[in-house]
Amino acid sequence: MNIFRFAGDMTHLMSILILLLKIYATKSCAVGISLKTQELYALVFLTRYLDQFTDYVSLYNSVMKVVFIASSLAIVWCMRRHPLVRKSYDKDLDTFRHQYVLLACFVLALLLHEIFTFQEVFWAFSIYLEAVAILPQLVLLQRSGNVDNLTGQYVLFLGAYRGLYIINWIYRYFTEDHFTRWIACVSGLVQTALYADFFYYYYLSWKTNTKLKLPA
Amino acid sequence: QDQPHSHDEL
């Protein structure tokens, strides 16, 4: 494992923990956090790590899989079940139609996968879903029109994770003999482009000192 | 040797 991938995993973990700790500490998610995005991420981890008991890669991988599943489920649990956090969630702003995204990702996984097995189709599904899982969050930010520190940091760390993973792939492409993983790399590029778009508007709003407004 | 279906990343 190279340093870029490790740093990518750590920023990914940081983004989730920041969100979880802040929701828990403030007992509120009234800061523009999309429950739909969080549920999609929990589903991403659950469907990707079906290989937890069948394919052993390393202790690091096995432990991180458990941590990612547990922390993402904890966020969803807080937002759905915690009496105070649940009250602070404004579902009228969280309007993204995630059903269509789920269906599209599943159909794409049925068509485009490495091997046609249950695990592999769901692995591909999780890769496609992760690429677009941030969309409800971006739509929510656009509708609520403000980005506070928590949400800013959260998206910042997620973006760093994506960027580091791309550097990791470039590094692996040049240092490994048979590094071909088109599904993960192309989906990863799409996902990073979504963040790049967000950061562009984030930067503009910061530079002009105006409220963040994302185009419709 | 790299196996295409071995997913070693998270």
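Each residue, glycine too, has its Cβ placed from N, Cα and C.
Database features (TrEMBL):
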| type | residues | note |
| --- | --- | --- |
| SIGNAL | A:1-25 | signal peptide |
| TRANSMEM | A:59-79 | transmembrane segment |
| TRANSMEM | A:100-116 | transmembrane segment |
| TRANSMEM | A:122-142 | transmembrane segment |
| TRANSMEM | A:154-174 | transmembrane segment |
| TRANSMEM | A:180-203 | transmembrane segment |
| query | Are the transmembrane segment (A:154-174) and the transmembrane segment (A:180-203) close, by which I mean at least 3 Cβ pairs under 8 Å that are 6+ residues apart in sequence? | reply | yes
| query | Short question: which residues 6 or more past the ends of the transmembrane segment (A:100-116) have a Cβ under 8 Å from it? | reply | 40, 43, 122-125, 128-129, 132, 135, 183
